[in-house]
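Colleague: Let me begin by handing over the structure; questions about it come next.
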Amino acid sequence: MKKPIGILSPGVALGTAGGAMSSKFFLMALATFFSFAQVVIEANSWWSLGMNNPVQMSEVYIIGAQPLCSQLAGLSQGQKKLCHLYQDHMQYIGEGAKTGIKECQYQFRHRRWNCSTVDNTSVFGRVMQIGSRETAFTYAVSAAGVVNAMSRACREGELSTCGCSRAARPKDLPRDWLWGGCGDNIDYGYRFAKEFVDARERERIHAKGSYESARILMNLHNNEAGRRTVYNLADVACKCHGVSGSCSLKTCWLQLADFRKVGDALKEKYDSAAAMRLNSRGKLVQVNSRFNSPTTQDLVYIDPSPDYCVRNESTGSLGTQGRLCNKTSEGMDGCELMCCGRGYDQFKTVQTERCHCKFHWCCYVKCKKCTEIVDQFVCK
C-alpha cells in the first residue's frame with residue numbers, strides 16, 4: 001500500500017545555474033576548463049561530518065555554542081547559517097552522511113572503485129572532481145542518507161522543530177484501520193535535506209555555459225534523485241490489535257524503507273545513468289537525444305569515468321593493486337576484471353568463525369570456535 005505524495009510535484013525540469021561574471025574572470029574560467037577539462041571543487045565537504053566519532057559529535061552540539069558551526073570543517077557559508085539556526089540538527093546531518101558513505105561502500109565493494117575514503121575533509125578525494133557516474137551516485141546516496149536520518153530523528157523526538165509524521169491518510173487504507181501512529185517525518189526530512197545539502201551548490205556562481213555550471217546542475221539533479229528515492233520508497237506500516245493477536249483492528253503510519261533498499265535502487269540508477277551536456281541555453285540535455293530524457297529520479301553525469309585500474313594522483317584513482325578478488329567469479333569481483341589483466345597472487349590465511357552452535361534452556365546460545373585455512377587472491 002503506497003503512501004500519499006504530499007510535497008513533491010512530478011516532472012520538475014533541470015534548471016539553470018548562472019550569475020554575471022566579469023570578462024576577465026570568464027576568460028580565466030575558460031582557460032581553466034580547456035587546460036584541465038575538470039571542475040576545481042572545494043577540498044572540504046559536509047560529508048566530513050559523517051567521518052567523526054558519533055560520541056564526539058553528540059558532545060559538541062551544545063545549544064548556544066556559537067563558535068561551533070564556524071569550526072566545523074566542510075560547511076559552506078549557507079550551511080553554516082543553517083547550522084547556527086538548527087544546531088540540534090547537525091548530529092543527524094553527520095549520521096546521514098555516515099549512512100550514505102557506508103551504503104556507497106557496500107554497493108561498490110566488488111567494483112574497481114569501491115567508494116574508498118581518504119584521510120582529509122574531502123572524504124572521497126580528487127575522484128569527486130570528475131563529474132562521473134560514480135560521483136553522481138555518491139551525491140545521491142549521501143543526500144538520501146540525510147533525508148533518512150532527519151526523518152527518523154523527528155519521529156524519535158530528537159529535534160525541537162519537528163515531530164511525528166503528519167502525512168495524510170492514504171485513500172486506499174481500509175476505513176476500520178486507524179491512521180496516526182508515530183510515523184517517520186519524511187516531509188520534514190526531505191525539506192531540510194534539500195535546504196542544507198543543496199546550499200553549497202546554490203551559492204556558487206559561475207558563467208552560464210561553463211563546465212562549473214554544468215557540475216552544479218549535475219550535483220543538484222543527483223541530490224534530488226537521492227531524496228526522491230527515499231521519499232518514494234517509504235510506505236505504510238501497520239500494527240495489529242485485538243484479542244490473542246486476532247488483528248481485528250490495525251493502527252498504521254508512514255515508515256521509511258530500509259536504507260539498503262534505497263541503496264539498491266540508486267545502484268540500479270547508477271547502472272543506467274544518463275550522459276549529459278550543456279546546451280546553448282545553459283541547461284543539461286542528454287548526449288544521445290534518441291534516449292528518453294532522465295527523470296528527477298534518474299542519475300546523470302557529464303564526464304566519463306577515469307581508469308580505476310591504476311593509481312593516479314591527478315584523478316584520485318587508488319587503483320586495484322592489493323585488492324582481494326574472487327578467482328572463480330566472472331563478475332566485477334572476479335580476479336580477471338578486478339585486477340585489470342595484471343594477474344594476482346595467492347596466499348593462505350587462517351579464518352576463525354563460530355560453529356556447532358546449540359541453544360540451551362533458558363535462554364542462550366553456546367558456540368564453539370572453528371578455524372580453517374582458506375585460499376585468498378590479491379591483485380598484483
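The backbone N, Cα and C atoms fix where each Cβ goes, and this holds for glycine too.
Features from Swiss-Prot:
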SIGNAL    1-37  signal peptide
DISULFID  Cys104-Cys115  disulfide bond
CARBOHYD  Asn114  N-linked glycosylation site
CARBOHYD  Asn120  N-linked glycosylation site
DISULFID  Cys154-Cys162  disulfide bond
DISULFID  Cys164-Cys182  disulfide bond
DISULFID  Cys238-Cys252  disulfide bond
DISULFID  Cys240-Cys247  disulfide bond
LIPID     Ser244  O-palmitoleoyl serine
DISULFID  Cys309-Cys340  disulfide bond
CARBOHYD  Asn312  N-linked glycosylation site
DISULFID  Cys325-Cys335  disulfide bond
CARBOHYD  Asn326  N-linked glycosylation site
DISULFID  Cys339-Cys379  disulfide bond
DISULFID  Cys355-Cys370  disulfide bond
DISULFID  Cys357-Cys367  disulfide bond
DISULFID  Cys362-Cys363  disulfide bond
Colleague: Taking the Cβ of each of the disulfide-bonded residues and counting other Cβ atoms inside 10 Å, which one has the highest number: Cys164, Cys357?
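Modeller: Most Cβ neighbours within 10 Å: Cys164.
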Colleague: Out of Asn120, Cys164, Cys252, Cys340, Cys362, which of these recorded positions is nearest Cys379 (disulfide bond) by C-alpha distance?
Modeller: Cys340
Colleague: Tell me, by DSSP, whether Cys309 (disulfide bond) is helix, strand or coil?
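Modeller: DSSP call for Cys309 (disulfide bond): coil, neither helix nor strand.
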Colleague: Would you mind listing, in sequence order, the residues at least six apart from Cys335 (disulfide bond) in the same chain with a Cβ closer than 8 Å to its Cβ?
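Modeller: Listed in sequence order, they are Cys325, Asn326, Lys327, Ser329, Tyr344, Phe377, Cys379.
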Colleague: Spatially, and counting Cα to Cα, which of the disulfide-bonded residues is closest to Cys309 (disulfide bond)? Options: Cys164, Cys247, Cys357, Cys362.
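Modeller: So, of the listed disulfide-bonded residues, the one sitting closest to Cys309 (disulfide bond) is Cys357.
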Colleague: What's the number of neighbouring CB atoms sitting within 10 A of the CB on Cys379 (disulfide bond)?
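Modeller: Taking all protein chains shown, Cys379 (disulfide bond) has 20 Cβ neighbours within 10 Å.
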Colleague: On the three-state reduction of DSSP, what should I expect for Cys182 (disulfide bond)?
Modeller: coil
Colleague: Taking 10 A as the limit, how many CB atoms besides its own sit near the CB of Cys154 (disulfide bond)?
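Modeller: For Cys154 (disulfide bond), the 10 Å Cβ neighbour count is 26.
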Colleague: Starting from Cys238 (disulfide bond), work out which of the disulfide-bonded residues listed here (Cys104, Cys339, Cys355, Cys362, Cys363) have their Cα within 10 Å, and give them in sequence order.
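Modeller: Matched disulfide-bonded residues: none.
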Colleague: I'd like to confirm something. Which of the disulfide-bonded residues, Cys240, Cys340, Cys362, Cys370, has a Cα closest to the Cα of Asn114 (N-linked glycosylation site)?
Modeller: Cys340
Colleague: Can you tell me how far the Cα of Cys164 (disulfide bond) sits from the Cα of Cys247 (disulfide bond), in Å?
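Modeller: About 24 Å separate the Cα atoms of these two residues.
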Colleague: Disulfide-bonded residues Cys104, Cys154, Cys240, Cys247, Cys362: which have a Cα within 10 Å of Asn312 (N-linked glycosylation site)?
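Modeller: Matched disulfide-bonded residues: none.
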